């Protein structure tokens, strides 16, 4: 019981007990009031004396409790010091002396405080003394970290420490960031998916292939059936080479096998088509557009209206969406001898200031976007001559350029030292001119796909570490080549286009965001009944109101109404089989008409040999000639037939009029 409680109880008792009835009761007053015990005299109390006595009692009790606690703490700390240090005889004696001194000083302080309190009439127990009985090891630990509570058992790790360690491991190990735990498969068609594009927000995916189709997929609008919301052929019978959303995601660049690139809006409707150049002009810079098949194209990363294309006419051209009459700029790659060379791929740098092109002579040439005469950087022997460099990709930090060559190699370059690659790996088979590569969102990995022949195994998606180019991971995608790969930085999902018409999306429920996670959780919609017009509806917009037919609001509602109508919902009568019933005549019976229908009109099967069917009437024709014989009665009254043995087979197959010798 604390001092405050005791003092409070004493004060309450003093307040409630101001008076006490003492002395003899008055007999007359008792007889008048009707009960005894009334009329006693009150005795006064000294409240200050009672309060002082209560306070002294509380101080004594608190002093005894503090002394007992101090002794327990001293004993416990001495035990800890003995268990922690084996050779501390002198230290323990010193610590006990310090403990005794500190305890005595604490008691002296308490007694002095109690005396001062008694003089100053302070209420409550004195403050506890902060004893400092510590060994040298404990002082060092307390300086490093003030830890409260018993020591942790060996091998114990805090959950926060585990989370921090896991985060550090993930940062140090980029393999754990690869989202490959789940996948969905989008069926584009049966032929190679040669183009993939994702808008910057990751809401829509566009795929194109060798079947000339472009399909649009909306992750938020799809259900588990995974069907595209639109399919179109924007370039008629030309294979799709490249698809890409602009930096704002409102338009799509479509590059196909013809010489004119197209721009579509988000829903697939045409916005702009590039003009075709004059193929009879020698200098390609003087033409308004490309004159040969396109190879690839891409959008400017900063300017939303500008895009880039390269073609077999030996030029790389920049375009403006708002001007479809002429290109914006022309870049002409040249070989060592200064001759024209065909660019097979092109791209912008991350800041949009540089334009890079990979050419058929194995070179990589880079221009300043504003200076199209001479190259700013070039490497003449980047890949094997005569092979098609299928992809160029700048890293997110803009310092490294990755190139995927048709010579089955993948290389990284520092454009500031462009003579020799930083790293290179060989043996990555590539059968397609658009096999690409990409960087991971954290710039620590490079991803590319491999091609296979039919029945030669599975196409793989291979991950290389950017700094060392060690193969750190691979995913077996399907039993066909892996052509396109795309790692979206916001979604953290990997899109893959394959050679058998599939577009696969790899994701992780924890590491990935939105995208494929939105559509896999939705159930398939029930198939609607075929909505057909129940009756012909004639639209007469200028007719008078009295002659105008009511508009059919909904086919489904009209079908429900027709179902309730006994005439419209009447089931047609089945054909009558047998002699007939219910007043209806059967298909065959005793009448002449039914007999004719059964035996003549409907019986058109004749399994006999046509030659035998004709010769069946030969004797009758000979006895009673009517058609053929009178025509030859004067010129050839007696029929003469060829009797050559070698031609018997031929004459047997000829008709009768060819057999007759004229």
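Along the chain as shown, the residues are counted starting at 1.
Backbone N, Cα and C atoms are what each Cβ position is placed from, and that goes for glycine too.
Quick look at what TrEMBL lists:
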COMPBIAS  66-88  compositional bias 'Basic and acidic residues'
COMPBIAS  137-147  compositional bias 'Acidic residues'
COMPBIAS  159-172  compositional bias 'Acidic residues'
COMPBIAS  548-573  compositional bias 'Basic and acidic residues'
COMPBIAS  579-588  compositional bias 'Gly residues'
REGION    66-181  region 'Disordered'
REGION    548-588  region 'Disordered'
REGION    642-662  region 'Disordered'
REPEAT    186-218  repeat 'WD'
REPEAT    287-329  repeat 'WD'
REPEAT    348-368  repeat 'WD'
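DSSP assignment over the compositional bias 'Basic and acidic residues' (66-88) gives 19 helix, 0 strand, 4 coil.
On the 0 to 100 pLDDT scale, the repeat 'WD' (348-368) averages 92 in this prediction. Using a Cβ-Cβ cut-off under 8 Å and counting only residues 6 or more beyond its ends in the same chain, the repeat 'WD' (287-329) has close neighbours at 241-242, 244-248, 250-251, 253, 255-261, 263, 271-279, 281, 340-352, 355, 357, 369, 372, 433-434.
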